[in-house]
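Reviewing the structure listed below.
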Amino acid sequence: MAIETQLPCDGDGVCMRCQVNPPSEETLTCGTCVTPWHVPCLLPESLASSTGEWECPDCSGVVVPSAAPGTGNARPESSGSVLVAAIRAIQADETLTEAEKAKKRQKLMSGGGDDGVDEEEKKKLEIFCSICIQLPERPITTPCGHNFCLKCFEKWAVGQGKLTCMICRSKIPRHVAKNPRINLALVSAIRLANVTKCSVEATAAKVHHIIRNQDRPEKAFTTERAVKTGKANAASGKFFVTIPRDHFGPIPAENDVTRKQGVLVGESWEDRQECRQWGAHFPHIAGIAGQSAVGAQSVALSGGYDDDEDHGEWFLYTGSGGRDLSGNKRINKKQSSDQAFKNMNESLRLSCKMGYPVRVVRSWKEKRSAYAPAEGVRYDGVYRIEKCWSNVGVQGSFKVCRYLFVRCDNEPAPWTSDEHGDRPRPLPNVPELETAADLFVRKESPSWDFDEAEGRWKWMKSPPVSRMALDPEERKKNKRAKNTMKARLLKEFSCQICREVLSLPVTTPCAHNFCKACLEAKFAGITQLRERSNGGRKLRAKKNIMTCPCCTTDLSEFLQNPQVNREMMEIIENFKKSEEEADASISEEEEEESEPPTKKIKMDNNSVGGSGTSLSA
């Protein structure tokens with residue numbers, strides 16, 4: 001059967017003609033483009049080679065008559081000759097490594113060029129070593145202003161005895177080649193480039209739709225970006241308390257900026273969104289608010305698990321997970337796998353270990369509890385987790401994580417008529433502990449405990465420090481700290497004479513950096529040679545020693561034609577530009593926050609008070 005099209009093997013070694021992965025003995029590799037070809041799928045005319053190395057049909061430029069008809073992809077002979085000539089030029093370039101040759105061949109075969117290199121890549125190439133094409137490792141600067149790795153320079157100048165710059169062919173003095181000095185300013189430049197790269201990668205281009213708290217309405221609202229209407233897709237309303245998301249314990253009066261009373265036990269809200277606005281429980285769907293490395297701040301009893309047992313002053317709580325929520329499911333009553341102490345479950349166990357107080361809210365959805373509110377969501381104070389374990393759930397197939405919560409609040413519970421809060425009480429008897437696995441009981445003293453002297457619950461140890469920046473001033477301080485680090489590194493590029501940022505920097509053979517104007521002004525009026533005479537008799541001229549301002553190195557030869565370090569100059573200009581942009585962004589933020597908000601909604605004290613109605617027993 002006639003083969004009309006000749007195709008090579010792809011990157012996985014599969015022949016693009018017969019779709020077979022041939023063994024190595026049935027393939028031929030082109031000596032020019034290093035592409036494997038399947039021998040049985042090649043025409044006999046293509047197997048003939050007049051030279052020692054076999055060339056594929058694409059590189060040989062020979063058009064086989066049987067492959068010409070019907071092949072619209074056939075390369076014209078003129079373009080094929082140009083392509084082959086370019087590939088042979090790459091192969092003959094001894095300055096390139098095999099990896100670089102392969103990269104250039106691939107770019108040439110795919111039709112790519114240097115136009116595809118982005119601006120950031122071009123900026124990186126400006127500080128690359130011209131020998132190894134990498135960021136300079138222990139960079140040194142030649143008197144002509146070009147930068148190299150110390151290892152590459154020693155291999156070039158000392159190992160091969162070449163005393164000319166490989167870029168501009170300027171002569172390299174022997175004392176520079178014998179004792180090259182590392183350019184510390186360029187080391188700082190590379191370090192700063194790496195810091196900038198990490199920060200750019202960390203802050204990837206992602207659009208954040210931010211609404212300042214003072215511009216939010218008092219109730220949850222649906223934005224135009226919401227997929228569906230309703231509270232499930234609603235954005236949160238204004239936050240009325242100034243606590244961070246990882247705040248532990250009760251919400252005190254100093255964090256209630258409007259009422260100055262804090263969040264009281266028994267306050268109720270219409271739904272979880274309003275509860276979120278007052279900080280009692282931030283997640284509007286999840287039942288646990290916490291972080292596995294910090295602890296759990298609050299939980300919600302909303303009837304999500306049949307295993308939960310509510311006894312008011314204490315209750316048994318079930319962890320999260322183990323249910324199939326694929327297909328965009330929000331809830332699923334059936335357990336499909338074992339729960340494990342990780343993520344939110346681990347945060348509850350950490351709160352048990354440290355003895356942190358956990359805020360508890362009860363929802364009207366908890367139909368099986370006599371202590372749940374008839375409607376809405378109610379804040380019932382803080383509890384402490386005394387024990388945690390795993391056990392087979394009521395569905396009888398999979399293990400669930402279990403937690404024993406005991407109330408420890410200074411305010412009385414909403415269902416009691418007591419005038420005082422809780423007192424330390426003995427732990428209840430839990431029958432399922434007899435078959436429990438992975439039982440954990442706190443051994444150290446709890447962080448939140450009852451003080452007998454004061455007769456109240458309080459922090460006996462320092463509460464966990466918040467990891468979430470809440471104050472805008474704190475955020476600006478953090479941003480200024482990052483910019484200060486850049487400014488500190490920018491000081492590395494200061495002239496050793498004027499102590500200002502380098503302008504037209506020149507690097508001496510002793511690796512010190514100066515402004516070109518400062519260095520020339522330092523030795524202005526000093527000639528290279530000093531004429532001497534004695535009693536009217538002319539003596540041999542003596543060379544003037546021009547000592548470096550920072551060391552004892554003679555710069556007389558270097559000062560004959562000092563070259564500006566263009567790479568360093570461009571780096572300094574880029575850093576200056578980024579500093580100016582950062583300062584401008586901070587000043588804009590300060591101006592915006594100093595102006596009155598465009599939308600400021602007055603809070604009605606009556607409505608606020610109504611949203612936090614106190615329920616009696």
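Cβ coordinates come from backbone N, Cα and C, glycine included.
Annotated features, as they stand in Swiss-Prot:
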ZN_FING   12-62  zinc finger
ZN_FING   129-169  zinc finger
DOMAIN    258-407  domain 'YDG'
ZN_FING   495-552  zinc finger
COILED    563-593  coiled coil
REGION    575-617  region 'Disordered'
COMPBIAS  580-595  compositional bias 'Acidic residues'
COMPBIAS  604-617  compositional bias 'Polar residues'
May I have the DSSP-based helix, strand and coil counts for the residues of the domain 'YDG' (258-407)?
17 helix, 53 strand, 80 coil
Please compute the mean pLDDT of the model over the zinc finger (12-62).
77
Secondary structure content, the zinc finger (12-62) (per DSSP, counts of residues):
14 helix, 7 strand, 30 coil
